[in-house]
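S.K.: Marked as transmembrane segment by TrEMBL: A:20-41, A:71-89, A:101-121, A:141-166, A:195-214, A:220-242, A:249-269, A:275-293.
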Amino acid sequence: MVVGMTLSTFLQQLINGLSLGSLYALIAIGYTMVYGILKLINFAHGDIFMMAAYFAYFGISVFFLPWYVTFIITILLTMLLGAGIERMAYRPLREAPKTSLLISAIGVSFLLENLATYLFSGKPQAFPEFPVMTTPIFVGGLSIQPVSIVIPIVAFFLMTVLLFIINKTKVGMAMRAVSVDYDTAKLMGIKIDNVISSTFAIGSGLAAVGALLWCMKYPSVLPLMGVVPGLKCFIAAVIGGIGNVKGAVLGGLILGFSEVLMVAFFPSLTGYRDAVAFIILIIILLFLPNGILGKKQVEKV
Amino acid sequence: MSLLRTENVIMQFGGVIAVNDLNIDIKKGELAALIGPNGAGKTTAFNVITGVYTPTSGKVLFSPTDSAGVASEIDISGKRPDKITGLGIARTFQNIRLFSDLSVLENVLIATHLNINYSFLSAMLRMPKARKGEREAKEKCEFLLERMGLIDLKNEKASSLPYGQQRHLEIARALATNPQLLLLDEPAAGMNPQETDELTDLIFKLKTDFDLTIFMIEHHMDLVMEISDHIYVLDFGCTIAKGNPNEIQNDPKVIEAYLGVDEDVED
């Protein structure tokens, strides 16, 4: 076990951890952005991720579109889906208690899962292979799937773009303002509905990219594929401090690394792979109840 | 000419009538004040005017002057807050409500959103139109910060400013929406007499320089009596008196409800 681990295996595992962590980060951002603005945990986010995988599967395997066309269509459709869900399931509840919104989110999640099962059957579909991405290349004794390198690069590029949007554009500034004080933002003339739609569209777009990369690495598409990643990425967002984009990235990476490294160091514990996320969550929340980068909540009196 | 009128506005929350039959009439260019004991419904009245609440009954009529110089009366009761802000009503808050995580400059920039028009895409691609819009917005905001004495602090976080400067920043932010009517909710709250004096001067100057009509809630009677053209007095949601400072100071109902014990006002 540990004794048998050489430096090269360790490096290899690090790369795997980085690539899994970046995937988690991409999805976790969607949770954290929505939470920052609506104080809502969008339980449907994992299923939006699943729908993106199906859009791509249909594009390539059923309609035989070129991959690049499919990818663009997938991202656009998923953004539309995310914004559409907000429009239909959350916007009518804008003035309702937060619990109603949460129940609505759970409802949308079940709806998407069952709709997918009904429409696409519960049978896993094989996602088209991308040999360029999956054929291992050998670098200095390491055998690496190119996709493991591509994932972090794409993820970090998108995160940089996202941080630029949040910090430098007017829609980003509006997002930050709305997350600080929703009511005042309205009074300063910010069109709240547009800001919320953009938030959902951006979060879903990132989930779509996440789904595309995910399926290249794990080429199987099924209706419940979003459940576990969705849950883990939600945990990643909480670990990092929900509402904080950098926190979501950090949380995603922590989860990715711990999961991969645990399996690598303790192969006998492989069955507990998914439990890692929860154990880390519990430990971190015991010491940092607001997450690593989360802000201390001050109760207003 | 009236800039803002309310007609029999009633705002009821369950069994509580917070504002009962409010009839105000603010002329263009004047400085009106809304006073009354705590819990009289003053902030609720502001919330009705700015669209935070839809009045239970009654009308709020606003007559903004458009770019062609024509004023037309619009019923704004029940309109969305951002629409009302767009028509030309801006406000500050009793308990300061800045965007604490944003910088001083960003707090003001955000309020210019209504007035800059370019798409998200052109902003991302740094198109000339977007760059020009952003530059103009920034210049305007820097001018406002300069005016409010905050320009040296523009990159600080809003929450790091001292209390008095946060109040100034709120006014700058309100001005950035290009208002015709500015609502100030207790602008002098928590200020010492010297700061209050400075604020009095500032409000007066802003009113002239930005061609504003001002409606303010204030507890500092000296300030109210000194600068107001008209005063409305609320008590338990009802308007118990309206008139110029002199009339208000001599109104027996007001003295009874509010000023009675204050000897300063009698002389």
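Glycine is no exception: its Cβ is also placed from the backbone N, Cα and C atoms.
Predicted automatically and left uncurated, TrEMBL annotations should be read as such.
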S.K.: Under 8 Å, at least 3 Cβ pairs, sequence separation 6 or more: does that hold for the transmembrane segment (A:141-166) versus the transmembrane segment (A:20-41)?
M.R.: yes
S.K.: Looking at A:71-89, A:195-214, A:220-242, A:249-269, which one has the highest count of Cβ pairs under 8 angstroms to the transmembrane segment (A:101-121)?
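M.R.: By the under-8 Å Cβ criterion, the transmembrane segment (A:101-121) pairs most with A:220-242.
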S.K.: For the transmembrane segment (A:195-214), give me same-chain residues lying six or more residues beyond its boundaries with a C-beta closer than 8 angstroms to one of its C-beta atoms, as numbers and ranges.
M.R.: 23, 26-27, 29-31, 33-34, 37-38, 42, 45, 48-50, 52-53, 55-56, 71, 74-75, 77-83, 85-87, 91, 147, 150-151, 154-155, 158, 162, 165, 171, 174-175, 178, 185, 229
